[in-house]
Amino acid sequence: MSYYFKNLKPDLNSDVEEDDGNLLESIMANKSKREIDEQESSDDELKTLSFGSLKKAETVIDEEDFKDTKPVHKKPITTTYREESFDEDEDSEDQSDEDAGFFEEDSEDETHHGQKVPKKKSKHAPVEQSSKKRVPRVRNIPGLEIPRNKRSNLYQDIRFDKSTGKALDSSIIRKRYQFLDEYREKEIDELQKLLQERKFLSKIDQGEREEMEQRLKSMKSRLQSMKNKDLEREILKEYENDMNKNNNTRYHLKKSEKRKVVQKWKFDHMKAKQREKVMERKRKKRLGKEFKQFEFHNRR
């Protein structure tokens, strides 16, 4: 290389450096102009927007910021462990230890997947029954159950059961089973004879004797009440037949009229002493009512 090229040094005021400086200045000037134009255009666009649209945009931005800043609460995952069954063979134990072990972890979401939490039902809610369930052959029909206060230890005859669907007519039943009165009278006579025997009374204690006397008394009253009902039924039947002899349409008495007819018949067929007792009882009853109506008995 020649001596001229070795001693050659770049000049600071050369033309190349001047061109580069001019380019940089022009680029920076263009950039500043572009930024100013963009700011002016954005200001012009904001001026054209209405206050309602600006308010909506502000609310949307606030909601997005609130969602971003809201803390996320993670549910704690509880793990349940299920023990697996294992065989007695050593090979199966080795395989189970290598694969999964004796315990497996199940998350709460997997165990309760697809199951709804049952809500507590009210005690006043109606009874629910599945339509897929078969109806049982033997069912409890409402109205046929005997209430507890009317239950007895006696045997219930199915001929008088409500499930037959027939109305119970006491007169018809009484005619069918009137022959039982003979057996009842025999039982009463036997009890009376037993209570009159001294040997029998010496063998039993006082409690058993009182129980037998009470039983005899109840049997007599029951039989007498049945006979009184039969008599009243016959009296009313005769009276209605006499009343409806010449009538085309049959006339039936009311309950109050029936009671008066029965009382009149009994009074007519009483003895003299019985009539006097009845009249005296009625007189005392009437005097008691009049005595209660006096002024000095009224409360002030």
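Cβ atoms here come from the backbone N, Cα and C positions, even for glycine.
Summarising model confidence by region, the coiled coil (184-248) averages a pLDDT of 91. Look at Swiss-Prot and you will find 184-248 tagged as coiled coil.
As annotated by Swiss-Prot, compositional bias 'Acidic residues' applies to 85-109.
Remote same-chain residues near the compositional bias 'Basic residues' (114-124) are listed as none (criterion: CB distance under 8 Å, separation of at least six residues from the stretch ends). Residues or ranges marked as compositional bias 'Basic residues' by Swiss-Prot: 114-124.
Annotation comment: Swiss-Prot describes Ser14 (among others) as phosphoserine, evidence class a large-scale study or a structure entry.
Swiss-Prot lists Ser41 (among others) with the feature phosphoserine.
Look at Swiss-Prot and you will find Ser42 (among others) tagged as phosphoserine, backed by a large-scale study or a structure entry.
Under the heading region 'Disordered', Swiss-Prot lists 33-151.
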Query - DSSP-assigned states of the compositional bias 'Basic residues' (114-124) in counts, ordered helix, strand, coil - result: 0 helix, 0 strand, 11 coil
